[in-house]
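These come from Swiss-Prot:
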- Ser19, Arg26, Tyr110, Ser246, Arg353, Lys432: glutathione binding site (BINDING)
- Ser19, Gly20, Glu39, Thr48, Cys49, Lys57, Ala126, Asp337, Thr345, His479: FAD binding site (BINDING)
- Cys49-Cys54: disulfide bond (DISULFID)
- Ala208, Ile211, Glu214, Arg231, Arg237, Gly297, Glu343, Val379: NADP(+) binding site (BINDING)
- His479: active site, proton acceptor (ACT_SITE)
Amino acid sequence: MAPLQAIRKYDYLVIGGGSGGVASARRAASYGAKVLLIESKFNKMGGTCVNVGCVPKKVMWYAGDLAEKRHHLKSYGLSTTDDKVKYGDFDWSTFKDKRDAYVKRLNGIYERNLKNEGVDYIYGFAHFANSNGDVEVTLTGDQELSFLEEGKEFKKDEKLVFAGSKTLIATGGYAINPPNVEGHELGTTSDGFFELQKQPKSVAVVGAGYIGVELSGIFKALGSETHLVIRGDTVLRSFDESIQNSITDYYTDKLGVNIIKQSGSVSKVEKIDGDRKKITLGNGQVLEVDELIWTMGRKSLINIGLDKVGVTLNDKQQVDVDQFQQTANPNIFSLGDVIGKVELTPVAIAAGRRLSNRLFSGDKAFENDHLDYSNVPSVIFSHPEAGSIGLSCKEAKEKYGEDQIKIYKSKFNAMYYAMMEDDSLKSPTSYKVVCAGEDEKVVGLHIVGDSSAEILQGFGVAIKMGATKKDFDSCVAIHPTSAEELVTMK
């Protein structure tokens with residue numbers, strides 16, 4: 001068989017059209033680099049975040065949040081009843097159509113931004129073809145590629161080969177289900193959540209991480225009978241215990257999610273009564289629901305011929321990189337979810353831009369440019385929201401020693417709930433500031449309560465700059481707000 005011949009050589013080949021890949025491609029092109037971006041999902045530029053992640057999830061969260069607020073109206077004299085949203089009140093299918101149309105508009109915006117920056121892009125599966133790093137692309141749909149040949153339509157499954165001086169692997173990840181569970185295929189993943197054509201009357205969500213917490217909160221707020229199956233006693237076990245306990249208790253005691261603790265996970269799934277599912281748990285408990293959602297994590301998309309170019313993986317089967325995003329191959333780089341460091345959209349964007357600054361700007365000021373992965377803020381769009389930056393209380397004690405740590409905590413009902421006599425309507429506000437050393441440097445901040453995502457952004461800047469508790473105290477509070485508690489704690 002004759003060796004493959006590249007039809008065009010680029011300065012930069014970017015494999016993956018998610019947030020990190022697009023950001024790096026555009027930044028490289030802004031410096032004059034000749035860039036080709038390859039995205040496997042046909043006409044779905046933007047990656048997980050735009051298509052099956054943070055963007056459509058946040059739209060669904062807004063719907064759930066409004067549903068929760070509906071039964072607050074009576075307390076403010078705007079309704080004569082305080083009925084909660086019931087199954088059937090929410091027009092799932094119409095809302096899905098609107099949400100999907102919004103995502104489609106974003107796909108188009110991503111494409112236009114690439115064109116405006118002079119980035120060539122193609123829809124197809126990329127695979128390293130040889131040890132030189134040439135990339136073979138199998139097209140995933142019929143498409144015009146005017147940068148190759150004006151007016152010609154290239155056909156689905158056609159193969160094209162490209163060469164690049166530098167290559168970026170930004171392939172992201174995919175949602176998993178447990179293959180060893182009998183009947184696992186009867187459930188869907190968090191990706192499949194966005195494909196549901198109708199709202200399930202009852203649903204089981206399996207997994208205690210932020211995706212499971214967010215989706216179960218949305219389902220319950222919109223009126224579905226909701227079961228959250230977890231192996232331990234709390235949700236969000238990778239977060240500070242204050243967040244774990246606050247969200248677990250609120251979901252159980254007030255929101256009405258049936259959290260099944262110490263479940264032993266799922267041992268078997270069977271189909272019953274049409275499309276309903278019978279779920280047998282490891283602890284012997286049995287659930288019968290309309291829908292099963294697996295939220296048990298994601299794996300890196302690595303099946304692209306990495307062995308041919310000497311790119312190595314870590315023990316979690318994620319692409320191994322150094323602090324400069326460089327793989328074991330000096331001409332191949334990687335970032336985003338596929339490396340598994342901090343799997344957040346803004347992190348991938350920041351890493352991608354810094355990488356292109358270093359590789360293509362020609363500016364010595366950027367020759368050591370790389371992303372600092374510490375003190376990255378993250379939020380959970382639960383009901384209520386939660387946010388975190390820095391070290392948990394446990395992590396801080398392990399790093400600095402227990403005698404060097406001081407904790408400031410506050411738990412209260414936000415002023416918004418003052419008009420409500422029924423305690424079941426009130427969601428908690430819980431704040432924790434973790435400080436280390438004699439100067440009480442703030443090394444962790446963990447908050448639960450309404451608007452936590454918006455509140456955390458500004459405090460994230462302060463903590464990234466090395467703020468101390470004294471700095472917090474010296475800030476004049478904005479009154480009346482919940483956030484003022486963070487600068488008035490004693």
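In case you wondered, yes, glycine gets a Cβ from its N, Cα and C as well.
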Entry from the recorded positions list Arg237, His479 having the most other CB atoms no farther than 10 A: Arg237
Rounded Cα separation (Å) that holds between Glu39 (FAD binding site) and Lys432 (glutathione binding site): 42
Query: NADP(+) site residues Ala208, Ile211, Glu214, Arg231, Arg237, Gly297, Glu343, Val379: biggest Cα-Cα distance, Å?
result: 23
Statement: Spacing of the two Cα atoms, Ala126 (FAD binding site) and Arg231 (NADP(+) binding site), in whole angstrom, works out to 37
- request: Please give the greatest C-alpha separation between any two of the glutathione-binding residues Ser19, Arg26, Tyr110, Ser246, Arg353, Lys432, in angstrom, as a whole number.
  value: 41
Task: Which residue among the binding-site residues Cys49, Ala208, Ile211, Val379 has the fewest other Cβ atoms within 10 Å of its Cβ, if you could check?
output: Val379
Query: If one measures from the C-alpha of Cys49 (FAD binding site) to the C-alpha of Glu343 (NADP(+) binding site), what distance in angstrom results, rounded to a whole number?
result: 11
Three-class DSSP secondary structure - Arg353 (glutathione binding site): helix
